[in-house]
Amino acid sequence: MEIVLASASPRRRALLEMLGVRGFKIIPAETGEEAPDAGPADAVCHIALMKARKVSEECPAGALVIAADTLVYLDGEALGKPKSADEAGAMLRRLSGRDHTVYTGVALVKDGREMTFAESTGVFFRPMSDEEIAAYVKTGEPMDKAGAYGAQGRGAVFIERIDGDFFNVMGLPLCRLVTMLRRFGVDLINTEE
């Protein structure tokens with residue numbers, strides 16, 4: 001079965017490879033759609049589903065499309081990807097010494113069959129100095145990440161504790177994804193070479 005990742009994220013690609021998924025295609029999808037006025041879990045699921053549907057239109061019959069959307073929530077507000085270094089610094093100052101929640105919505109689409117799920121993970125940041133924030137922003141790492149940090153990169157030094165799926169913070173909750181892939185006939189645990 002052809003598997004298509006509807007994402008340009010190098011982290012999501014690496015996570016699928018880590019699971020042993022081989023030969024999958026990458027077709028990035030940008031919907032340009034706003035999420036409905038709903039809770040964070042519904043919002044990320046909606047955006048992921050729009051991405052998966054869009055990419056599935058370009059795929060042959062039988063292809064399984066996987067799409068995801070991740071947002072950081074703090075005080076009831078979504079923190080997406082920063083548009084500037086100043087915005088990245090402002091996000092990090094808000095996160096400093098606080099806890100927040102990372103939501104990832106995942107959609108799987110194959111031949112008109114659709115499944116979605118959302119995962120939430122609590123992340124607790126230690127207090128950060130203005131100098132640390134400025135130095136981190138200068139690395140450029142925060143610029144393509146929701147909440148302006150990468151848990152798998154230099155941003156890890158700010159994380160005091162994670163409550164939930166670490167891979168969800170990276171943009172793809174692997175435990176639940178493997179379970180959902182089984183429902184589409186893809187078993188990544190019991191494989192025969």
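From the backbone N, Cα and C atoms, a Cβ is placed for every residue, glycine too.
Because TrEMBL annotations are produced automatically, they should be read as predictions rather than curated entries.
Features reported for this protein in TrEMBL:
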type	residues	note
ACT_SITE	Asp69	active site, proton acceptor
SITE	Arg11	site 'Important for substrate specificity'
SITE	Thr70	site 'Important for substrate specificity'
SITE	Gln152	site 'Important for substrate specificity'
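Each residue contributes its Cα atom, and for Gln152 (site 'Important for substrate specificity') and Thr70 (site 'Important for substrate specificity') those atoms are 15 Å apart. If you take the Cα of Thr70 (site 'Important for substrate specificity') and the Cα of Arg11 (site 'Important for substrate specificity'), they are about 12 angstrom apart, rounded to a whole number. The Cβ neighbour count for Gln152 (site 'Important for substrate specificity'), using a 10 Å radius and every protein chain shown, is 17.
Annotation for Asp69 (active site, proton acceptor): same-chain Cβ neighbours under 8 Å, separated by at least 6 residues, are Val44, Cys45, Ile47, Ala48, Lys51, Thr104, Gly105.
Highest local Cβ density among the recorded sites Arg11, Thr70 belongs to Thr70, counted as other Cβ atoms within 10 Å over all protein chains shown. In the three-state DSSP scheme, Gln152 (site 'Important for substrate specificity') is classed as coil.
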